[in-house]
Amino acid sequence: MNSPIDKLERKLGYQFKDAGLINLALTHRSANSKHNERLEFLGDSILSFVIADDLYHRFPKVNEGDMSRMRATLVRGHTLAELGREFDLGDYLKLGPGELKSGGFRRDSILADAVEAIIGAIYLDSDIEAVRGIVLSWYNSRLEAIKPGVSQKDPKTRLQEFLQGRRKPLPVYTVTNIKGEAHNQEFTVECDVAGVDKPVIGKGTSRRKAEQAAAETALEQLTNG
């Protein structure tokens, strides 16, 4: 057998005993009334625990604040979406017609949610130690590279400090669009920044996430010329 799911399982480093779990983890709410949001809820908590536990033992002298910032960096939607792209998850997602048409298989929030759902599915298919090993294998290079300190500050904080250090005005964030139902919204934010010609656009499942995405893009533009 060499089905598409077999190929994905090889990328994930885990073979499911219950194929229904991986299929459910890949099913977006737009595609079916049985979808991956409950698995996502479970996977989110498991991921947070596994990463927190690793950081606690990896950095025995680091304070709670730095560990929280490192964990936030590792479990944020952007990082999860990167993992999703490394697994080519977009090729396997089950989306409704509207999401397919709008390119949902490329959207950070959908990829990130699917990664969390897969973590939940692996846990239900095995146990906490098995899922811990899988998650740590996915995160190995990121855990080796991460260090406590300034780099773990969120993008809005880093952008503010960057501008303050150059005596420039603080950025102005404006919500320009909100679409979707209350439980599944996408926010679009414009960020006006001194030194950047056009407003920078950020999108996210909340206003805060959209502002953070815009701030991160603005920082990249300012620091890369």
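Positions of Cβ are set from backbone N, Cα and C atoms, glycine also.
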In Swiss-Prot, the residues Asp113, Glu116 are said to bind Mg(2+). Which of Glu40, Glu181, Glu186 is said to bind at that same site?
Glu40
Any idea what the Cα distance is from Asp113 (Mg(2+) binding site) over to Asp44 (active site), rounded to a whole Å?
9
For Glu116 (Mg(2+) binding site) and Asp44 (active site), what Cα-Cα distance in Å is obtained after rounding to a whole number?
5
Using the CB centroid of Glu40, Asp113, Glu116 as the Mg(2+) site centre, which other residues of the same chain sit with their CB within 8 A?
Asn36, Glu37, Leu39, Phe41, Gly43, Asp44, Leu80, Ala112, Ala114, Val115, Ala117, Gly120
Counting across all protein chains present, how many other Cβ atoms fall within 10 Å of the Cβ of Glu116 (Mg(2+) binding site)?
26
